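Q: From TrEMBL, here are the annotated features:
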DOMAIN    A:66-253  domain 'ABC transmembrane type-1'
TRANSMEM  A:12-34  transmembrane segment
TRANSMEM  A:70-92  transmembrane segment
TRANSMEM  A:104-126  transmembrane segment
TRANSMEM  A:132-153  transmembrane segment
TRANSMEM  A:181-203  transmembrane segment
TRANSMEM  A:237-257  transmembrane segment
Amino acid sequence: MKGGLLRGRGLQIYTWLVIAWLVLPIAVMILFGFNDTHGRYNTAWQGFTFKWYGKLFEIGDLTQALVNSLLIAVLTMLIAGVLGSLIGLALGRYRFRGSGAMNLVMFAAISCAEIVMGASLLSLFVTLAVPLGFWTILISHVMFSISFVAVTVRARVMTLDSSLEEAARDLGAGPWTTFRLVTLPMIFPGVLAGSMLAFALSIDDFVITNFNSGGTMTFPLWIWGATRVGLPPQVNVMGTLIFAAGVLIAVANALLARRRANA
Amino acid sequence: MSRLRAALTPYLLLFPGTLWLAIFFVVPTVVMLSLSLQSGDVVNGYAFTFNWHSYVDGISTYHDQIVRSLVYGLVSTVIQIVIGFPVAYWIAFKGGTRKSIYLFLLLLPFLVSFVLRTISWQFFLSDNGLLLGPLKSLGLVPQDFHILATSAAVIGGLAYNFLPFMILPMYVALERIDPRVLEAAQDLYASKAQTFLRVVLPLSLPGVFAGVLMTFVPATSDYVNASVLGGTSNTMIGNVIQNQFLVNQDYPTASALSFTLMALLLVGIFAYAKALGTEDVLEVAAR
């Protein structure tokens, strides 16, 4: 039994080492947002400073790229959130001809290599001579997010009891009222989770955006373009703030869920 | 009337999202197939000529990159299984009440942009950077030692970036194992090793399968890690496709290479599914 205990402890240490490996580049990113550099390069540690937090928006096109990213992510969250939820509801609740084909298309969209998706969408835009920019980026982000939202919502719908909706109908509620007062509140956690996933996928996407952006910059594209000349500390600070916001939302979400479970 | 409406409801719900997927996902795939069979150039325009040469030329010219992508994708996937399985196992069986905290920590990298994480590794591993600088000044490694611009750096980067996608499905499969099944194995005098090999491991395979599906495809088709960490001698097929599409604007060659990559990945996945004997590939994947 002692050997088993030791092995358990060894695996625990191992797990923490893997977590440390996963977190290491994030720690480096956060640390060098506090680096007191003076030249163009943020490579050697020069001392601690908060100044980059004050000069966060001094690089105009970087700020614009971040604004574009946030705007596209919010719009993707809303559009893909609605379209994907409707698909998830249909697949989770109804039995109908063609649902197999729909599942197949969604599986293909989720497992398709990003570069193939990005390249084929660019093929369409090039063939139709559609000018690339903000709107083509938005189109592509909604396209790759829909299936993820649909799968998330479908999973939620499948766990629900449809007898509540039947009860609402028996009590004389019309289809729209039933949807608004019974179905939507029940599936809402799934809709919210799916929409947040769409937001996260959109703000992080590089490959598909790179193919369909034309001259429009997003945050990951700007970083990519600046790699050769060296990243300014503002990028580290923006990355840190996005990271912090993500951690806060996740922790708040977990605390709310726990409170609800205890109540 | 209401029966007709009930029959139509799922289709009405599907309609807007399906239309979006049809126009911007299904149709583009067909357009790209057509583009890969055209000839011409970006100045004079393209015409559909059933030009198979883009495939022949593309594959023979970029044979090295295609093979390298498959090898890097495969090796990084195997590394992820080896590194990730003990983690998934420990969290599933010994994580206790803190399981969700460990999972949260594993997902932390996703709160930082993929490109930024990779560049952060480049920064950390650079020739006189945070890792090698001190080691070199202490004389522990030779002055010309480098990690960047090696295949190890690219494979390491790929393994790093997709590891959480491997651990999560393995964890889900392991977590589902009923403890009573393990007790039953022990009651039947199975040793710990036998229990692991004959009960835990087979029951975890669907998770491993889902993990491979989620990591092999993005790793094989990636070009960010190869560009940032691999220098010029470790380019993958993704780098070529990106370059042909966005820089050279040689659309037929680029499309032909994209299609080749897609076909290879599809064949790989289905061969793998068959070898593993997983009948319901789609069902496992759709979960």
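Positions of Cβ are set from backbone N, Cα and C atoms, glycine also.
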Q: Mind checking which residues reach the transmembrane segment (A:132-153)? Cβ under 8 Å, same chain, six or more beyond either end.
A: 68, 72-73, 75-76, 79-81, 83-85, 87-89, 91-92, 105-107, 109-110, 114, 117-118, 121-122, 125, 187, 190-191, 193-195, 197-198, 201-202, 205, 208-209, 211-216, 218
Q: Taking pairs 6 or more apart in sequence, does the count of Cβ pairs under 8 Å between the transmembrane segment (A:12-34) and the transmembrane segment (A:237-257) hit 3 or more?
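A: Yes, the transmembrane segment (A:12-34) and the transmembrane segment (A:237-257) are in contact.
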Q: Mind checking which residues of the chain, 6+ beyond the ends of the transmembrane segment (A:104-126), have their Cβ under 8 Å from one of its Cβ atoms?
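A: For the transmembrane segment (A:104-126), the nonlocal Cβ contacts are 87, 132, 136, 139-140, 143-144, 146-148, 150-151, 205, 207-212.
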